[in-house]
Each structure stands twice: as C-alpha cells, then as structure tokens.
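Enquirer: Before I ask anything, here is the structure I am working with.
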Amino acid sequence: MNDAENGTVFHHPQYPTSDQQQQGYKGTGGGVSRFITPGGNPVDTSNPAFPIYHRRFGNPSPLGLLGFGATTFILSMYNIRTRNITHPNVVLGMALGYGGLVQLIAGIQEWACGNTFAATAFSSYGGFWLSYGTLYIPFFEVSAAYGSTAEFASAVGIYLAAWAIVTMIFFIATLKSSIALSSLFFFLAVTFWLLCAGELASSVNCTKAGGAFGILTAGIAAYTALAGLLTKDTSHFKIPVGELSRGKPNE
C-alpha cells in the first residue's frame, strides 16, 4: 500500500513485488509457501491436500465446436437417409449430452473468459440441441400433442426457421473474425433453411440437401476446432483460419 505523506510503497512479506512476480517467489511469513501462478496470484499450499491455485483459463472454443460439429454430423447423416435411416431418435443422446450439455458448459466458460460472441453462440446452440431432443422424447409428448404428422412437421418447420434467423445474426457478427468461422455460420444458416423447407413442404429432397450442407458445416466446425487445439505450445504446426479483421484488434 502507499504512504500518502511520503509516497513510500510497502509490500506484504507474503506477497510479491513486481520483480518477484517475474522470477517466482516464496514467502516465509507464518510458514506458508507461496509461489506466483500463471495468473499472477499466489499459490496457497498451506494445505497440501487442497492447494489453492489461480490459473489462466484454457480455450473452451474447441470443446464447443466439437460438441456442435459431432452432433450435427450424426443428425445430417440421418437427414440424407444414410443406410435408409429415417428417424433421428438415436441422435438424442448426443443432442442432450455432447451437443447440449457440454456445449452449454463451453458457453459458460466463454463468459468467464470474456468472449461474448462465443459465449452467446455456444450457449444458444447448446440450448438448441437440448430443445431439439425434447421434440422426440416421448416423455415430453411434443409430437403427440399434434393432430397429424403434417401439423407436427409444420411446427418443426417454424422451429427451424427461428434457428435459421438466429444463425444469420451470428453470421453477420462473424464478418470481422475469420473465413472459417464465417463459413461455419453461413452454411449452418443454409442448412437450417433447407431443413425448414423440407418440413414445411414435405420435401425429402430439401431435407437431404439440408443434410448435405449439415455435413459440410460439421466438417468446418471440426476444422475450426482443430485450429484452436493446434497452439504453438502443443503442436509442431498450425492450420490457417483466414483472418478477416482489419487494422488493430481494438479498432
């Protein structure tokens, strides 16, 4: 703290000076060992069984992208009628777990990291997969509430149209990010609109086309996730994502 009269700076014996922060520090006061962590705070090892750390956050984006991409891939394979599969029910486990819960957790982690866009996107699509799962889980009786299959299909079409609009908003927000991320949301919007048309028009061809674009979207998500995993600390090489920003990052 500062002495208001003479400007003298005092340092607590257990906490580091600016020089000690760069070199590492071990205090002796009270018998408590303290070292400076990557986050710039002391590590409290007074209780070895439960040490208190303050670390930098990792990058949650690859987790969110893989959760979204893998689930989208499975559903899209069903939409193109792979091996004559016409019911999407097997994807429910992925929708509730990996695409839903895990992606929602990634979104919460992004909030903590200060990334508003990623937090909003991952949390939104985590909610999408959770809500999508309820459409086909008998317990919720969503489909049973409709008088006919055509009426249920129309309702699902409107549901998909809403998500297409949400995705277009995200696409606009990526125009200063990277080609990979912008492409992801562009093709995802196309996927939603085609699936929407397939439900509203009862068109198998539109649904299959939506499935094809969904597979493309899943591939882009996997590529973007890999780009986030291949850091200079963990990989011998990196892959490009196509930088779109202009000028300084804070402009």
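Note: Cβ is positioned from N, Cα and C throughout, glycine not excepted.
Summarising the annotation, TrEMBL assigns region 'Disordered' to 1-31. Under the heading transmembrane segment, TrEMBL lists 61-78, 90-111, 117-140, 152-173, 179-197, 209-230.
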Enquirer: Would you kindly list the residues that approach the transmembrane segment (117-140) from elsewhere in its chain, counting only those six or more residues past its ends and only Cβ-Cβ distances under 8 Å?
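Expert: Same-chain contacts beyond the ends: 60-61, 64, 67-68, 71, 88-89, 92, 94-96, 99-108, 110-111, 156, 159, 163, 166, 170, 173-174, 177.
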Enquirer: Who are the chain neighbours of the transmembrane segment (179-197) in space, where the CB to CB distance is under 8 Å and they lie at least 6 residues beyond its ends?
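Expert: Same-chain residues near the transmembrane segment (179-197) but 6 or more away: 72, 76, 79, 157-158, 160-161, 163-164, 167-168, 170-171, 203, 206-207, 209-211, 213-214, 216-217, 220-221, 223-224, 227, 241-242, 244.
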Enquirer: List, by number or range, the same-chain residues at least 6 past the transmembrane segment (90-111) whose CB is under 8 A from its CB atoms?
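Expert: Same-chain residues near the transmembrane segment (90-111) but 6 or more away: 57, 60-61, 63-64, 67-68, 70-72, 74-75, 78, 118-127, 129-130, 132-133, 136-137.
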